[in-house]
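Everything below concerns the one structure shown next.
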């Protein structure tokens, strides 16, 4: 179902204080899908006012990660340089300080906020239900006319009328300090409620008095998050705020500021948390949490895009593999779940394998080369010297791969002489004399076989020579001699790629190692 007739404009506003987290990527993806479904505009805005922790390196990681995933923006910073796409910039908060100052001065002049010079401004108070008289700070500067004369440090607070009302009620009703907590809670819930509709969670409400006179800026040049985001969303004409449920506590403050500034309230949709398998909030102890970590492990962008789209949303039915165009067509916020979304790495591995199998052999080879070289399996440039061999290896491994990073370990025996476990070479309970006969048979067949041949022709030739009886006595030692592995593709697939000379060399070496006396 399409959104209202008003042009849809949504945004993702990451802080460049760390690499692109999968939670941020999921929020970006849902905003992107919603915008594209509604023929709207997707905006990227960098919230870099935390100059102590924000870095250009983290910003680049975030933008590169979104681009790699296929989440491209209509407005926002360009991938390279300092230019912007769109007409509502700057799209970095550090470039918008004069805009914030204009609105702060407006609110000060209108008496809707006030400059507070109290010593308590060294840190913001906890904003849970107040339990101590110190938490119920009533600033003497609250009703002073706006003036910033002098050089004393100050903060700017929102003038919350409900806070004063419940503070006054508290002062009147408290007879003994022990009664403070109960009286305060009662006073809070007797006051006004801030109510808003959430597309995901329906109607939500919050007691206005609970917010007290909260700080919105450390100075005229240092707006805090809740003020800056309200101004930015208005200036950029954002119609829908789609973000994680951890932002629900920020929404009442933002609504009060929206009303104070005379702005239109956007629609809200708060997405469920992403949880680990143990149903706790996803963290490093569950494994990778940043997009570049998944990229480095060999997950394909289209697989991670598909998987992330299903973290808390599903169009219904059993289908799980969706191209981007279909996800855009089907997406709706009404089908986003309220409960936490489990990040199931096993499902991601399965899905990534499905996308790997959709690749052409040429595409897969190109994608795997960096992983082969990183693993030290193939020397840089080796694939150029023998591209056809590489393609055969890719065709052999494509049905088994779950991640591109597995390719090095799974195929190193094609590029390096394998190390042999003497006991692994032996088939079941065969004696040394029987094993010697097996190696002699293998050397005889390989010396006579003509390559290249298809694996089907090779298998036919070997089975003709082996005759009846237990085929494992010949084929198991052959496979282990060629690969050095307990688990590997079949011997004929490996033989087809290695060729006769290399296969003979390996079988002879395996025979020599096996026949050595322990």
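Cβ atoms here come from the backbone N, Cα and C positions, even for glycine.
Checked against TrEMBL, the range among 3-13, 14-24 recorded as motif ''HIGH' region' is 14-24. In TrEMBL, the motif ''KMSKS' region' annotation falls on 281-285 of the listed ranges 281-285, 286-290, 291-295, 296-300. In this structure the alpha carbons, written CA, of residue 139 (Zn(2+) binding site) and residue 284 (ATP binding site) are 42 Å apart. Residue 143 (Zn(2+) binding site) sits 48 Å from residue 284 (ATP binding site), counting Cα to Cα.
Calculated from their C-alpha atoms, the gap between residue 118 (Zn(2+) binding site) and residue 284 (ATP binding site) amounts to 40 Å. In this structure, the binding-site residues under consideration are 116, 118, and the one with the smallest number of other Cβ atoms within 10 Å of its Cβ is 118.
In the predicted structure, the motif ''HIGH' region' (14-24) carries a mean pLDDT of 96.
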